[in-house]
Amino acid sequence: MAQGLYVGGFVDVVSCPKLEQELYLDPDQVTDYLPVTEPLPITIEHLPETEVGWTLGLFQVSHGIFCTGAITSPAFLELASRLADTSHVARAPVKNLPKEPLLEILHTWLPGLSLSSIHPRELSQTPSGPVFQHVSLCALGRRRGTVAVYGHDAEWVVSRFSSVSKSERAHILQHVSSCRLEDLSTPNFVSPLETLMAKAIDASFIRDRLDLLKTDRGVASILSPAYLKASQFPVGIQAVTPPRPAMNSSGQEDIISIPKSAFLSMLQSSIDGMKTTAAKMSHTLSGPGLMGCGGQMFPTDHHLPSYVSNPAPPYGYAYKNPYDPWYYSPQLPGYRTGKRKRGAEDDEGHLFPGEEPAYHKDILSMSKNIAEIQSELKEMKLNGWHAGPPPSSSAAAAAVDPHYRPHANSAAPCQFPTMKEHGGTYVHPPIYVQAPHGQFQQAAPILFAQPHVSHPPVSTGLAVVGAPPAEPTPASSTQSIQQQAPETTHTPCAAVEKDAPTPNPTSNRVEASSRSSPKSKIRKMFCEELLNKQ
């Protein structure tokens, strides 16, 4: 076991700025108290019960305050030797230097120096006690450039610092050589291993510790080879290492362990993100998807480059001007704007053993809803519900159709009667029906003022009874068709009520204002259920 080791390094560098005011030592004020030739305790991490040696002098040099000392505690040196025997870093080879496991472990464990002194504000006055209390070996000093170098020879230690001039080096070595290690008292090293281990664990969490040690070595200007780990890394092991369990080629850094539930959640989120959604269709001016053309319906032409153009309407068809005041674009049954269609379920994969596909739950829920709808239908049949009579003519069916749009020429807009002229409210423009002899007759306008209807108006040919007669128009003058105003002054409502037969009080009546259509109710319930499933 070594009788003693020398340590040397800067405890303050003048040219290096300080981040905290308490760390700044004014060279003009400190010079009055240097050099310090009396021995000061050398401790570990500023712990009072960890004295491991004594300082041999604090000297003022051009680069800062340089410290030299000796580690003479037998207990600490024995502990450091045991650590070096079991440390792989201590047995790593070093270029251009002999193998020294003890020096390697000290440079790895305690590579920094820290000076304990009074506060700089008290230096302006005459201090009542000593200015410097002790020097500590630590994992990283608070002042930059305070890095330690350990060695068996004091001259070798001081020669590692190129920032110390030859004259300053000679002055330091002259004083160190006059000190005998045998004359120094035995340090009081009684610190338990738990305290030292706790300090070592705390040092492992210092952020960018290795980079800061490299900076300290550069600030101290240590250019000669040394045992510092700030610039050299282990490249191999000189001893035979014990066998270890086999590991994958990917290494421990590439392998992580997470709970199964978290992995399944991440996988499901990734699958949901990969599902493509349907592109939104552009809003057209002619209705949600279809436009009327006589008695036929043609799809609208969406102006999207990815879609193939739709077939054109028949010859002679005139597109309706969407900006006319009476233009109405109905909503087709079963069409929902702004809703995404449910995509087909993937039955091939993305399921783990023991998992239940999501669409099974949807099927069970929809089956339950269908059963409820069937029970409601049976209840309606038991209550004796009967539908009203259907329309008796094509003109009347066109009049009550909420999805009808007329065929008209946008180049010659027609003038239709207003609400004040007939006393009723129009839902759509009047309907033009072509007679067999090539003439047009005007159908009766649709009115809201009939709460009870038992029989529809009787039609004669293609003209509705009660409608104002239309004068015949020659076939040659069909370029511009204009509406004929009614000749009589009575309202169409009165004509309908006059010609309609007297309703039978015993017949079934359908109150449109108090009872809704069961078909609409069922459709609404089914649509709401599908919306909730989206």
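Heads up, the Cβ atoms here are built off N, Cα and C, so glycines get one too.
Feature annotation (Swiss-Prot): of 133-152, 213-232, 253-272, the stretch labelled region 'Interaction with pAP' is 253-272.
Between the stretches 409-429, 514-534, Swiss-Prot puts its region 'Interaction with major capsid protein' entry on 514-534. Residues in the region 'Interaction with pAP' (253-272) partition by DSSP class (helix H, G, I; strand E, B; coil) as 15 helix, 0 strand, 5 coil.
Sequence-distant contacts (6 or more apart, same chain, Cβ under 8 Å) of H46 (active site, charge relay system) comprise S114, S116, H134, S136, C138.
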